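*Asks:* When I checked TrEMBL for this same protein, it listed these features:
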- D:131-422: domain 'NADH:quinone oxidoreductase/Mrp antiporter transmembrane' (DOMAIN)
- D:32-51: transmembrane segment (TRANSMEM)
- D:82-101: transmembrane segment (TRANSMEM)
- D:113-129: transmembrane segment (TRANSMEM)
- D:135-155: transmembrane segment (TRANSMEM)
- D:167-188: transmembrane segment (TRANSMEM)
- D:214-236: transmembrane segment (TRANSMEM)
- D:248-271: transmembrane segment (TRANSMEM)
- D:277-299: transmembrane segment (TRANSMEM)
- D:306-325: transmembrane segment (TRANSMEM)
- D:375-398: transmembrane segment (TRANSMEM)
- D:410-432: transmembrane segment (TRANSMEM)
- D:452-471: transmembrane segment (TRANSMEM)
Amino acid sequence: MIHQALAMGHTQTPEAVLFWVLGPLAVLSALAMLMVKKAVHSAILLAWIMITLAIFYIAQDAAFLGIVQVVVYTGAVMMLFLFILMLVGVESSESLTETIKGLRPIAIVAALGFGGLLVSLIGHATIGRAYVGLVDANAGGNVQALAGLLFSKYVWAFEVVSALLITAALGAMVLAHNHRLIQRPTQRDLATARFRGTSLARAAGLPGPGVYALHNAVDVPALLPDGTPSQASISATLKARGDVIDSRPFQLSAIENEEE
Amino acid sequence: MTSNSLVYLIALPLFGAAVLLLSGRRSDRWGHIFGTLMSAGSFAVGVSLFLKMLGNPTGERALTQKLFSWISVGSFQVDAGLLADQLSICFVLLITGVGTLIHVYSIAYMSHDLDRRRFFAYLNFFIAAMLLLVLGDSYLNLYVGWEGVGLASYLLIGFWNQKPTYATAAKKAFVANRVGDMGLSLAIMIAFATLGTVSFQGVKEHASQASTGSLTAIGIMLLVAATGKSAQFPLQAWLGDAMAGPTPVSALIHAATMVTAGVYLITRSNFIFDLAPTAQLAVAIIGAITLLFGAIIGMAKDDIKKALAASTMSQIGYMVLGAGLGPAGYAFAIMHLLTHGFFKAGMFLGAGSVMHGMNDEVNMRRYGGLRKFMPITFATFGLGYLAIIGVPPFAGFYSKDKIIEVAFNAGGVKGIALGTAALLGAMITAFYMTRVVILTFAGSKRWDDKAHPHESPFLMWAPMVLLALGSVASGFFFTHGNSLRNWLAPVVEATPSHEGELLSPAVVSILALVLVAIGVGYAIIKYLLNEVPQVAPADVTVFTKAARKDLLQDNFNEAVFMRPGQSLTRGLQVADTKLIDGAVHGIARLAIGSGNLLRKTQTGFVRSYAMWILAGAIALVATIWVVTL
Amino acid sequence: MTDFIVPKLSYVQLSPILIVLGGALIGVLIEAFLSRKVRPIAQLTITLGSLILALIQLWHIRHESSLTAAMGSVAIDGATILMQGSILLIAILAVALIADNEHFTVLAAAVPGSPEERDSLQSGEKLTEVFPLTLFAVAGMLLFPASNDLITLFVALEMLSLPLYLMAGLSRRRRLMSQEAALKYFLLGAFSSAFFLFGAAYLYGYSGSVSLAGIRAAVVGGSGNDVFLLMGIAFLSIGLLFKVGAVPFHAWTPDVYQGAPTPITAFMAAATKVAAFGAMLRIFYTSLANANWDWRPMMSIIAIITMLFGSVVAIAQRDVKRMLAYSSIAHAGFLLTGVIALNKSGLDASIFYLFAYGVATVGAFGVVTLVRDSSGEVTDLNKWAGLAKRSPFAATLFAGFLLAFAGIPLTSGFIGKFSIFSAAYESGNKSLVIVGVLSSAIAAYFYIRVIVLMFFKDAADDGTSVIIPSILTRSTLIITSVITILLGVYPAPLLNFINSLASFVR
Amino acid sequence: MNMLTSLMLLPLIGALLISALPTTKSLLAKQMTLGTTLLVAIGVIVMAIRFDTSKTDLQFVETHSWIPTFGINYSVGVDGIALVLIILSALLAPIVVLAGWNESSGGRWSAKTFYILVLVLETMIIGVFSANDLFLFYVFFEAMLIPVYFLIGGYGTGQRNAAAVKFLIYSLLGGLLMLASIIALYVLSGEQSGHTFNINTLSQLQMSSTTQNLLFLGFFIAFAIKAPLWPLHTWLPDAAQSATPGTSVLLLGILDKVGTFGMIRYCLTLFPEASKTFTPLILVLAVISIIYGAFLAIGQKDLKRLIAFTSISHFGFITMGIFAMTSQGHSGATLYMFNHGFSTAALFIVGGWMMSRRGSSKISDFGGLQRVTPVMAWSFFIAGMSSLALPGLSSFVSEFLVLVGTYTRYPVAAIIGTFGIVLAALYILIPVQRALHGPTMPGNEALSDLNLREKIAIAPVIAIIIALGFYPSPLLNIINPASTHTITQAGFTDPLAQIDPKAGK
Amino acid sequence: MNPANYLYVSALLFTIGAIGVVVRRNAIVVFMCVELMLNACNLAFVTFARINGNLDGQVVAFFTMVVAACEVVVGLAIIVTIYRSRRSASVDDASLLKR
């Protein structure tokens with residue numbers, strides 16, 4: 001039993017108090033993170049869990065990690081998450097009713113099973129060695145010790161990680177950077193084009209979605225005065241997604257014909 | 001003694017057949033002459049060999065010729081070797097002699113047929129095969145000739161195969177023969193397995209060392225072979241249909257030579273049958289049954305060729321009976337075979353002559369009074385008739401009465417039963433043969449005016465005359481001083497059993513003659529003194545109806561073999577597609593089906609994919625949990 | 001505090017990786033500073049150049065073997081060299097496909113269907129970022145099988161994955177599908193690497209060391225209770241099995257293979273498999289070899305399920321790329337038998353198989369890039385009907401690759417299958433061989449179906465055509481097919497080479 | 001260079017040359033194929049003459065290291081059995097090309113492709129019979145499926161796709177089972193004598209009987225699929241029905257012999273004990289095949305299917321002869337393979353001409369052909385007679401040897417098998433009667449008889465059928481030492497006659 | 001207190017994260033759950049480092065953070081791209097690829 005193996009390494013009471021307060025809180029927060037509707041709330045809860053973990057690190061003689069956890073993770077990474085959440089829409093929330101049939105009960109069973117099994121297994125695990133503690137390892141200071149490892153034993157990994165960072169930067173560039181390939185026409189250009197164009201039909205500007213339609217929806221093209229649908233009235237994104245509803249049933253001419 | 005000329009016996013007609021077949025229409029003009037010459041050449045060789053044999057002392061008469069090693073695998077050694085001993089040479093002379101006559105006859109008979117050349121090719125081929133049959137020095141060589149004549153018979157029966165029934169008849173003959181052949185091959189296998197050899201010489205030498213059981217098995221199988229080829233009960237059904245072939249064929253193959261091969265086989269295998277009494281008895285019983293069976297059918301037939309065919313069946317029954325009586329009967333069986341060869345061939349040629357003159361009409365009820373129009377035919381036919389019913393001193397009298405006599409003297413109940421059957425057969429023979437003669441040549445004319453009966457040309461009647469001479473004289477010739485018996489003695493060890501003689505030759509002759517007279521008389525009353533209707537009367541006894549239908553032999557075969565066979569074939573076809581192939585397709589469908597089913601697990605939702613991973617993880621952890629606890 | 005050990009890196013032995021990384025960096029610089037017009041050719045030159053250079057460098061160090069090349073983080077040994085060589089060769093072949101920029105979107109950031117996208121397509125420009133991304137991925141792949149501690153392993157795993165996630169989303173056509181593929185690949189990849197890390201944690205917990213040698217020492221030393229070891233193996237395996245696409249961690253494979261741009265699919269299907277199996281082989285053959293009673297049964301079951309599942313489901317596929325994906329799942333199962341074999345011949349066989357399979361895969365996807373209609377690549381199998389009429393060249397090549405996948409003699413696939421099954425049999429895993437043989441038969445069925453489709457069905461007049469490949473694509477196709485046949489007809493040199501080289505330093 | 005290797009290379013070179021031709025020059029491709037196959041045939045005949053019939057070991061042996069890592073050699077060599085089958089293949093190939101002169105024109109692809117496939121196939125066939133290395137054998141065994149597959153699927157008729165796939169899947173399944181066994185042998189050899197695929201070495205491996213039985217089954221099932229043994233036969237009728245006659249000849253006449261050849265060469269040699277164990281079962285299957293094939297042949301309405309089912313029956317005989325474990329059975333079986341090759345070739349070739357002239361393969365569409373096309377009818381008739389093993393024709397010798405060889409050890413099987421000869425009469429004579437005899441069917445009046453090319457093609461086949469019927473010794477002399485050797489190796493001796501034939505003298 | 005207790009917390013957090021990936025539909029939340037799993041791993045590493053008495057575990061945790069940061073950048077970039085195309089960050093909407 002791991003407990004016996006670690007018996008000699010019992011920690012001081014303050015850490016126990018800390019653990020028993022923050023540990024359950026972290027787990028509960030994690031559960032809450034699953035339950036809340038709004039993504040932002042999840043993010044805040046996650047940030048809280050991370051801070052908890054940072055405290056745990058510090059409690060476990062990993063002061064450097066604790067700080068880095070707060071700075072890098074909670075500070076930088078979670079901010080990034082929040083940024084993106086804002087981009088996507090802070091108010092966005094998802095309905096918690098499950099759409100994939102049967103997944104919810106399976107997930108609950110899986111959660112109980114997986115968690116239970118893990119806890120049970122850890123309960124049964126023993127470590128062949130004695131509990132050591134980091135007093136020796138951290139003798140020269142945690143940061144120094146870590147630095148010693150990082151820059152000698154793990155220097156290769158350390159160097160290689162830089163490639164990862166560049167990849168990330170490059171990836172973000174590729175996917176997010178929207179450089180101008182062709183000069184966008186200015187408003188003046190457009191206006192000129194409208195009136196100097198071959199037809200004055202569009203001089204009045206584009207029709208709004210569903211303006212003349214019998215069906216008031218964004219995915220149905222508006223009807224031009226002559227009754228034909230205006231493809232220009234539909235968002236190009238919708239078209240690309242194939243979400244455009246066929247406008248024929250809504251055409252005036254078609255309906256008139258039906259009545260006759 | 002070896003001889004280098006034996007092979008020419010076979011080679012000449014074989015060469016003829018090859019030339020005629022390969023040259024095609026180019027030889028149409030001279031093909032028939034060429035074929036006849038080849039046959040005649042073979043006859044000449046046969047005669048010279050016969051003379052050579054005569055010149056040798058009794059023990060050294062057998063001639064052999066080894067051509068090459070045919071099949072040689074392990075201990076299974078078969079040479080392509082020929083053996084002309086006293087038994088074979090009788091057949092050689094009969095085959096080539098009668099064969100040549102029939103070639104001559106056919107020149108005229110087939111003169112209007114466009115395919116006459118092909119006909120002669122087949123005839124030549126038949127002669128070659130038949131000679132191989134009787135000259136082969138081992139069972140396997142014999143087998144080659146044996147199936148060869150079967151093929152020739154098939155080709156000739158189906159010579160006019162554009163007529164579907166004729167083609168069917170040919171097929172039927174071949175298949176029935178094959179059943180017999182199966183017996184022969186089994187016999188050879190058993191012989192090899194038991195005796196380690198299949199040559200006549202080897203089997204003869206070692207037969208005494210084999211168990212009776214094996215010998216009986218061989219004997220029975222040989223009998224099966226004989227029944228197939230010689231149209232014996234129960235494989236007799238094909239012979240009647242075989243009359244579909246041109247009449248010379250019926251004369252040569254289905255009367256004089258091929259059908260007697262069974263008798264040859266049994267006689268040749270005397271060394272086996274003599275050591276296997278059960279098999280020998282079976283032979284005799286089959287012979288007795290067939291001789292009555294054929295005779296009974298013969299009584300009801302209106303088709304002249306079929307009547308003669310039934311008669312042939314019956315007469316071969318006599319021969320088989322004779323051969324089944326062991327050493328006492330072999331010689332007489334062979335004698336009857338030879339005499340029968342003459343008179344039956346003669347009668348068939350006569351029938352052909354009649355048909356030739358009657359626009360190929362075969363129904364005797366449409367003949368009548370033809371003796372005025374065809375005097376030569378009538379005379380030769382009549383002589384054959386007298387021979388077959390056994391009127392002394394014609395040939396049949398000598399041969400048939402001897403068989404009846406030996407049958408009676410076979411001893412015990414067996415002797416009485418067989419003898420009685422043979423005697424009864426003689427009476428029936430007399431009846432139906434008289435019926436044939438009366439219906440054809442006597443009485444009033446029953447043909448319609450379109451027919452212009454006339455005598456056949458010289459080429460046709462000359463062979464008939466020669467054969468008629470044979471039917472008159474051969475019996476006397478063979479029995480004079482037991483000449484044939486002594487001649488054959490080295491081969492078949494004729495030891496007449498006079499111990500416990502039941503009936504003396506004289507008594508048998510008298511009994512036979514009386515019964516023959518009764519038969520003749522009844523026929524005269526029935527057909528000469530009474531009006532013969534043109535159409536066979538329908539109000540006849542069940543017995544007659546059955547006889548007309550060949551004693552229901554075809555119905556029997558149909559019900560017992562053909563129909564179940566057809567059902568089996570159909571059933572197996574269904575089983576093949578539905579069960580075996582179905583199972584294969586089922587497996588394929590299973591794979592495709594499960595593929596389609598499992599494909600649905602790929603829902604497109606990333607969360608369900610994650611669930612798969614998680615499930616895998618849980619399974620792994622659960623396994624660890626189970627293992628470690 | 002222990003004394004600081006001055007790190008010593010053996011740059012010669014690390015040079016293949018460094019060269020590739022250097023190439024990638026130059027590529028990034030090119031992106032930053034060179035004009036758009038010259039970028040494509042410059043990138044291509046740099047990419048191919050650095051890959052080839054790395055390969056040459058690899059050849060020079062092929063007989064070297066050390067654990068200390070990077071302070072124990074990297075193991076340079078025969079197996080590493082062979083894996084890296086395979087990866088580099090496959091990468092070169094794949095880059096030739098990637099160079100055909102027709103497959104990539106010009107502006108990944110543009111919303112599909114937007115005017116920006118239309119403009120970008122009209123601009124005729126090319127997306128060149130894929131080249132450095134590819135190089136980064138290659139570097140990760142080179143590192144992955146060479147990694148000798150869990151940290152490097154994890155870093156390498158991410159290094160090969162991240163560029164692939166990105167590249168999966170860069171398809172020119174069917175942008176939404178491509179993006180979806182990227183998303184799925186990314187989410188599931190991150191998910192599985194979390195499992196990987198979790199397993200690494202337990203292995204560390206069990207052994208007190210993150211180096212493979214340390215873990216091996218702990219396993220050999222073996223305390224009585226190995227719950228942590230088992231958990232570590234299980235979770236670590238999940239991460240690796242995910243990468244190779246073993247059931248039930250396979251679900252991403254078909255979707256990503258289908259959605260990603262085909263050259264990327266080719267690259268990732270072939271090279272990732274080599275890298276992941278390379279790492280797997282190293283871990284299981286060195287660290288965990290002595291614990292084989294713990295993991296062999298579990299891996300055997302996974303291998304069996306994988307072989308059967310991949311083969312059976314592939315039958316039901318109607319899309320070429322998805323079919324190839326399921327086929328790759330089945331092949332992952334076959335390869336797992338090589339891992340389970342746990343003997344020298346298993347190692348040799350796995351390396352040969354990986355190389356042969358990788359090359360054939362690049363070739364097969366290369367053919368897929370050629371079949372197009374007005375809307376881009378045609379992957380619907382029904383539209384492949386009668387391909388032989390349209391292009392005997394493409395159809396014959398594809399048939400050849402399929403036959404290699406099916407393991408027909410005189411193709412590389414057969415030698416691979418034979419060697420890997422015989423290794424498995426040798427190690428006593430007869431049931432695996434039987435299942436392998438049976439699923440090969442099932443697999444043969446769908447390969448043959450495609451051949452029937454291409455050769456024996458009549459083509460519908462649906463605008464499908466086979467384009468004339470660019471010179472690079474063409475050379476890839478020819479080289480892959482030549483290798484595929486050559487390895488089937490005369491594999492002795494390669495087998496000898498592998499046999500003499502393949503071993504793990506411990 | 002070694003003769004076998006050269007003979008293998010020759011068609012391959014021919015194929016390469018032809019592949020260089022432009023597609024339009026199909027006549028030249030035909031001529032080149034004919035020339036190549038003729039050259040091979042001449043080479044094989046020379047080889048047969050140089051073959052020393054007094055030796056039992058392999059001849060024309062050539063061995064090169066191929067894949068030393070696995071102990072795989074390119075090792076070829078022939079014994080009598082293999083030589084006979086190579087002769088068969090080499091002789092049939094030019095005949096098939098000549099007979100099916102126009103066969104290649106109706107396919108999906110050019111005639112050129114057809115002939116390349118044929119030539120490649122010939123190489124592989126020679127290879128499969130001459131391989132002396134199990135691995136090499138397997139490579140040829142599997143690889144030759146591919147050309148056949150394309151020949152059926154690309155140039156066949158009717159349901160050719162399905163038939164081709166069925167053929168391939170069946171064969172591959174069997175091949176993979178065999179592969180499992182081969183792998184096991186390889187591993188065993190590694191444990192006992194160092195990795196090798198040399199057949200002689202493999203035959204001396206020690207195995208538990210369970211192992212031996214399982215491995216035997218792996219091999220046997222593969223071979224039983226190839227030489228279709230009931231109930232693994234259903235691919236054959238489909239394939240034969242769909243393939244062109246020429247392909248059918250290659251398939252049934254030559255390729256399927258690999259199955260029975262494999263039984264002799266591999267099943268018996270490598271697993272003598274298991275062969276003994278399974279003999280009763282296999283004999284039962286063989287006998288079922290004989291009778292079953294015959295009955296189904298009788299019921300067929302399609303000429304090609306009919307021939308296919310007769311072949312199933314004949315393969316039953318061959319299998320029976322092999323597992324009778326007597327020298328007669330073995331020599332008979334080998335000779336049977338040769339003879340069946342020619343008689344089936346004759347049936348398919350002539351049947352093919354009939355069908356192409358009439359445009360139908362239904363037997364009922366023919367009728368009265370003997371009047372219209374006598375030479376063709378005769379050729380078909382002789383082929384049929386050969387198929388029903390008429391004495392005097394080649395098949396008889398082999399069939400009888402098989403039966404007699406079987407009888408000495410397994411009389412019951414032989415007796416049931418003998419029934420097959422009656423059924424054979426039916427399944428041959430029924431189509432003969434329907435197609436050749438009877439009144440001329442409407443539509444057949446104007447059919448043309450064989451032309452000179454066709455006559456030249458069929459003449460040697462018929463000549464061989466007849467010549468070997470009377471004088472099989474040349475072949476038997478080649479076969480006998482090998483089959484005796486095989487029997488001895490498998491640990492059998494011929495059963496003695498119940499009495500000693502020499503005792504009487 | 002026993003340091004092993006941290007392992008229980010770590011295991012529970014990992015489980016919750018894993019379940020979160022399965023049940024949540026917002027891609028960002030799903031990704032956050034992955035981050036939670038990574039954090040759970042880090043906790044385990046740190047704890048084990050303490051138990052084993054060497055700092056290797058902490059080094060791993062450090063690397064994990066760096067790697068996770070890179071992963072976040074890439075992941076969020078992908079999610080944003082998807083969002084821009086679809087105006088939806090729900091992973092369920094991305095189900096064009098299936099069967």
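Each residue's number is its place along the chain shown, starting with 1.
Placed from the backbone N, Cα and C atoms, the Cβ positions cover glycine too.
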*Asks:* Between the transmembrane segment (D:82-101) and the transmembrane segment (D:135-155), are there three or more CB pairs that fall under 8 A, provided the residues in each pair are separated by 6 or more in sequence?
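*Replies:* They do not touch: fewer than three Cβ pairs between the two stretches lie under 8 Å.
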*Asks:* Go through the chain and flag residues at least 6 beyond the ends of the transmembrane segment (D:248-271) whose CB is under 8 A from any CB in it; none is fine as an answer.
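*Replies:* Answer is 81-82, 85, 88-89, 92-93, 95-96, 99, 118, 121, 125, 128-129, 134, 137, 141, 144, 148, 151-152, 185, 199, 202-203, 205, 207, 212-213, 215-216, 219-220, 222-229, 236, 239-240, 304, 307-308, 311, 315, 318-319, 322-323, 325, 330, 333-334, 337, 340-342, 344-345, 348-349, 352, 483, 486, 489-490.
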*Asks:* Counting only residues 6+ away from its ends, which parts of the chain sit with a Cβ under 8 Å from the transmembrane segment (D:452-471)?
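*Replies:* Non-local partners: 91, 95, 98-99, 101, 338-339, 342-343, 345-346, 349-350, 353, 375, 379, 382-383, 386, 391-397.
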*Asks:* Are there 3 or more C-beta pairs under 8 Å linking the transmembrane segment (D:82-101) with the transmembrane segment (D:113-129), counting only pairs at least 6 apart in sequence?
*Replies:* yes
*Asks:* For the transmembrane segment (D:32-51), find every same-chain residue at least 6 residues outside the stretch whose CB is under 8 Å from a CB in it, and list them.
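*Replies:* Distant contacts of the transmembrane segment (D:32-51): 3-4, 6-7, 10-11, 13-14, 17-18, 21, 59-60, 78, 80, 83, 86-87, 90-91, 93-94, 97-98, 115, 118-119, 122, 126, 478.
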*Asks:* Determine which residues of the chain contact the transmembrane segment (D:82-101) at the Cβ level, with the cut-off under 8 Å and only residues 6 or more beyond its ends counted.
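*Replies:* Here the qualifying positions are 7, 11, 30, 33-34, 37-38, 40-41, 43-45, 47-48, 51, 59, 115, 118, 122, 125-126, 129-130, 244-246, 249-250, 253-254, 257, 261, 265, 334-335, 337-338, 341-342, 345, 349, 352-353, 453-454, 456-458, 460-461, 464, 475, 478-479, 482.
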